[in-house]
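Shown next, in structure tokens, is the structure this report addresses.
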């Protein structure tokens with residue numbers, strides 16, 4: 001019998017082993033859909049981004065008007081821009097849910113997969129940040145100024161580092177051109193790290209909601225999960241297109257309709273919604289270096305999660321106390337997101353400080369403590 005080209009061709013067999021004949025657990029729920037949704041988000045962002053880059057000019061005197069030109073004069077330019085801007089929001093919604101799934105079901109015990117995932121998150125955050133600067137509106141400019149300025153808190157080399165990043169003594173034309181270069185490059189870096197992420201995942205196979213070995217009960221990825229992924233994709237695209245077509249500026253900042261002006265500071269400088277939780281943690285510490293360290297820790301703490309797992313059970317499916325703690329953490333992150341969008345005044349300052357303290361306490365102290373307690377409860 002002639003060999004099946006799907007299984008023998010050097011390139012096709014890689015695709016086959018990853019997307020067609022991949023043995024998958026029979027019981028993974030819709031929470032396992034977000035990986036494929038993230039891949040589609042990345043593809044969408046790269047395609048819309050390439051189309052936008054064809055009409056964009058990375059120069060301080062032309063950037064703002066080139067974006068306006070794209071929206072007004074390019075065929076479907078308004079649509080491409082709205083898809084790209086809101087695609088970023090959906091990218092972050094998917095990645096937050098994907099990380100939440102990993103936390104809840106103990107997927108972080110696949111350490112290499114988890115760590116490459118954290119690197120992907122950091123790269124995505126960097127990409128979104130430099131991309132937000134490109135339209136060169138007021139919030140683009142001042143957001144870039146505030147966040148890049150944080151590096152000046154690094155002792156001894158800080159100020160030099162910031163001026164090196166800026167390419168001058170303030171955010172100006174050299175900053176914009178290098179941010180465009182980085183924003184063009186990083187999505188392809190993300191695509192590369194995604195391949196590594198999947199390579200590590202396929203070493204072990206997927207986890208499942210029970211957190212037990214599923215080797216005795218595997219099903220082929222296609223048609224079961226390929227179809228399930230298409231359903232998930234459809235369900236994501238409905239709200240995505242609704243947002244991009246009916247309310248494209250809902251999540252944006254009105255300040256960005258004003259061209260960047262170094263002489264006028266906006267009353268409230270704040271990032272896009274997906275960075276607000278980290279921004280709230282940054283602002284909750286009155287010291288500059290302390291705030292920067294807390295900001296870094298708010299994301300890098302994910303790298304510690306595998307070492308803080310003390311439970312004998314992998315997932316939280318049968319651990320009600322840990323479940324309560326998990327949803328407290330989710331509520332806490334929503335509070336931080338809200339605080340990040342508020343002005344720095346009473347009572348928001350103290351709420352932000354309490355929420356920041358709770359965030360680190362839950363992850364570093366309460367999760368391991370409750371895990372240990374649940375182990376003891378199992379013995380009685």
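Every residue, even glycine, has its Cβ placed from backbone N, Cα and C.
Copied over from Swiss-Prot:
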type	residues	note
TRANSMEM	34-54	transmembrane segment
TRANSMEM	78-99	transmembrane segment
BINDING	84, 183	heme b b562 binding site
BINDING	98, 197	heme b b566 binding site
TRANSMEM	114-134	transmembrane segment
TRANSMEM	179-199	transmembrane segment
BINDING	202	ubiquinone binding site
TRANSMEM	227-247	transmembrane segment
TRANSMEM	289-309	transmembrane segment
TRANSMEM	321-341	transmembrane segment
TRANSMEM	348-368	transmembrane segment
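Distribution of Swiss-Prot features across the structure.
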| residue | record | DSSP class |
| --- | --- | --- |
| 84 | heme b b562 binding site | helix |
| 98 | heme b b566 binding site | helix |
| 183 | heme b b562 binding site | helix |
| 197 | heme b b566 binding site | helix |
| 202 | ubiquinone binding site | helix |
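For residue 98 (heme b b566 binding site), the nearest of the binding-site residues by C-alpha distance turns out to be 202; the candidates were 84, 183, 202. For the transmembrane segment (179-199), same-chain residues at least 6 beyond its ends with a Cβ under 8 Å from one of its own Cβ atoms are 18, 38-39, 42, 45-46, 49, 53, 56, 58, 113, 116-117, 119-120, 123-124, 126-127, 130-131, 133-134, 144. For the transmembrane segment (321-341), the most Cβ-contacting stretch among 78-99, 114-134, 289-309, 348-368 is 348-368 (pairs under 8 Å).
Within its own chain, the transmembrane segment (289-309) has Cβ neighbours under 8 Å at 99, 103, 106, 108-109, 111, 114-115, 118, 121-122, 125, 150-151, 153-155, 277-279, 281-283, 356, 359-360, 363-364, 367-368, 371, counting only residues six or more beyond its boundaries. Within the same chain, the transmembrane segment (78-99) packs against the transmembrane segment (227-247): three or more Cβ pairs sit under 8 Å, each pair at least 6 residues apart. Within 10 Å of its Cβ, the residue among the binding-site residues 84, 197, 202 with the fewest other Cβ atoms is 202. Outside the transmembrane segment (114-134) by six or more residues, the chain places 56, 58, 63, 67, 88, 91-92, 95, 98-99, 102, 107-108, 140-141, 143-144, 147, 175-176, 179-180, 182-183, 186-187, 189-190, 193-194, 196-197, 200, 271-272, 274-275, 299-300, 302-303, 305-306 with a CB less than 8 A from a CB of the stretch.
If you draw a 10 Å sphere around the CB of residue 183 (heme b b562 binding site), it holds 22 other CB atoms from the protein chains shown. Within 10 Å of the C-beta of residue 98 (heme b b566 binding site) we count 20 further C-beta atoms, all protein chains included. Taking only the Cα positions, the spacing between residue 183 (heme b b562 binding site) and residue 197 (heme b b566 binding site) is 21 angstrom.
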